[in-house]
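Record features (Swiss-Prot):
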BINDING   ASP81, ASP123, LYS124, GLU491  Mg(2+) binding site
BINDING   CYS122, CYS195  [2Fe-2S] cluster binding site
MOD_RES   LYS124  N6-carboxylysine
ACT_SITE  SER517  active site, proton acceptor
Amino acid sequence: MPVLRSATSTQGRNMAGARALWRATGMKENDFGKPIIAVVNSFTQFVPGHVHLKDMGQLVAREIEKAGGVAKEFNTIAVDDGIAMGHGGMLYSLPSRDLIADSVEYMVNAHCADAMVCISNCDKITPGMLMAAMRLNIPTIFVSGGPMEAGKTKLSDKLIKLDLIDAMIQSADANVSDADVDVIEKSACPTCGACSGMFTANSMNCLTEALGLSLPGNGSMLATHADRKELFLEAGRKIVEICKRHYEQDDYSVLPRSIATFEAFENAMSLDIAMGGSSNTVLHLLAVAQEAGVDFKMADIDRLSRVVPCLSKIAPNTNKYHMEDVHRAGGIMGIVGELDRAGLIHRKVKTILGLTMEEQLNQYDIIRNKDEKLNKFFRAGPAGIRTTEAFSQDCRWDTVDDDRANGCIRDRAHAVTEEGGLAVLFGNIAEDGCIVKTAGVDESIWKFTGKAIVFESQEDAVAGILGGKVKEGHVVVIRYEGPKGGPGMQEMLYPTSYLKSMGLGKKCALLTDGRFSGGTSGLSIGHASPEAASGGAIGLVNNDDIIEIDIPNRAINLVLPDEELAVRRAAMEAKGARAWQPENRRREVSTALKIFGHFATSADKGAVRDKTKL
């Protein structure tokens, strides 16, 4: 029978000092012996996805106490990738994931907490907390802040939906007037919540449902909707129940590593492929799997990408649908339900509800359960009112979207594309693989051959695109931006957005050992592994080299004889200490970033720490 971890500091005469300190936090005599549950919040006023979380921790805490636990809240950092984008701040985004994981581990182990409720939302916070949950392997539930409502405005007397990416693209388009840019800017992000499309934040929150670690609706219920409050309350109640099952009934099946099995990771990746999620999710799932001790690799993602179709096309892959539309169509359980009917889901994996995925789908899939209460839950919709307050409206759609032939979510017979929304490409320029979000690529350029134009930094690439150096037919190569080479593996949202602004969105490709925002679309290929700084062949590309991209055959190659590549590699190695480093790049790199870069592995390993260096 497992003993409460917190007993280390709450039981025995020798812990009188620790108990005295616990009492000073508000604990009473009858609290000692109850499970101490860490409420891991991530409130900050810097990030719209987290600005409304200030009171969420205490909301959960009070429910934990009602259910018989002791709640203690602490906060993690949270970086807004959109605000950090396009300048040196982006170097800190990915490293913050590992810092969050470490900080949660530090706090929970230092204070011997028995369980966690993780309140996350945006890009690196959810994966960082997931990594910590796998390390700690104590009862854990995830509940996120929820998606932002889609922006809406009238331009040229036409009502259009907007999001952050529209503001970025239109602001760089000389054909768009200052007045229209102003309207777009002020309409793109109308409420609190994670940016309204299937960008990285919402993708990761959706994947927690498929992993089995969050409640149904977590990924899709709007941040502003009153119904989301119940997810927080239920998380507080459920974590106490799970604690009792583990610590009192010797039930290890409720622990994160028991739920997030290899099959659960396959379910999560299949969902990601089916919904055309952010390519960053690949990086994060690989990292979380390593922390969980699960042997889930790029080869598994490649295998799944060849059999799972794309069943939903959501912003940034289309302007028609945003997260509010996904929820109306049945949310993540709606997509998983269609994958299940197609025979593409492991049905017997367990979830945090104590159900198998099959049992959970029977309750929460709107196609197989026509219960009015469930119907009402998924009719929760946007209000269209600017606000930073959670649970501030209770608007509902008149009907759910259960049209699986033409709606937001499709069945297998009416798939958006038979090819999935993400693909892994291999070749002599990326021997360990690279990632492309095929859901965001026009099918006319799934096969593309072009001349390389090489940049040693994102900043130089932006200048080259806006300055007219990049022409139709180019493959823009941005290297030394990987986890080690950046260091920090910046997102390349501005280069991809500016290619569209310059009318080159369907006329060029972009290849990088960096990564992309979840808001990226177009022929944008990232995570090239090994990265240039680790001796990857992307570091050997010269201007005007021919690069062939073949998505259907999952191939990407530098059209050069092996002998020429060997000559170039030998010449690079001859540079000694200057080998595999960018030329003429001026970049201030702090000690903290140098430490991250020193230990970072390439993207195919999730950019986690290289433990052989410890």
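Every residue gets a Cβ built from N, Cα and C, even glycine.
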Per DSSP, three-state class assigned to CYS195 ([2Fe-2S] cluster binding site): coil
Neighbourhood of CYS195 ([2Fe-2S] cluster binding site) by C-beta distance under 8 A, where only residues 6 or more apart in the same chain count: PRO48, GLY49, GLY82, PRO147, MET148, ASP163, LEU164, CYS189, ALA201, ASN202, GLY518, GLY519
Cβ neighbour count (within 10 Å, all chains shown) around ASP123 (Mg(2+) binding site): 34
Spatial neighbours of CYS122 ([2Fe-2S] cluster binding site), counting only the recorded positions ASP81, GLU491, SER517 and Cα distances within 10 Å: ASP81
Neighbours of the residue listed as 'active site, proton acceptor' among the binding-site residues ASP81, ASP123, LYS124 (Cα to Cα, within 10 Å): ASP81, ASP123
Close in space, distant in sequence - GLU491 (Mg(2+) binding site), Cβ under 8 Å, 6 or more apart: ASP81, MET85, MET90, SER93, ASN280, GLY514, ARG515, PHE516, SER517, THR520
Cβ-centroid neighbourhood (8 Å) of the Mg(2+) site, ASP81, ASP123, LYS124, GLU491 excluded: VAL79, ALA84, SER93, LEU94, CYS122, THR200, ALA201, ASN280, SER517, GLY518
Number of Cβ atoms other than its own within 10 Å, given for CYS122 ([2Fe-2S] cluster binding site): 28
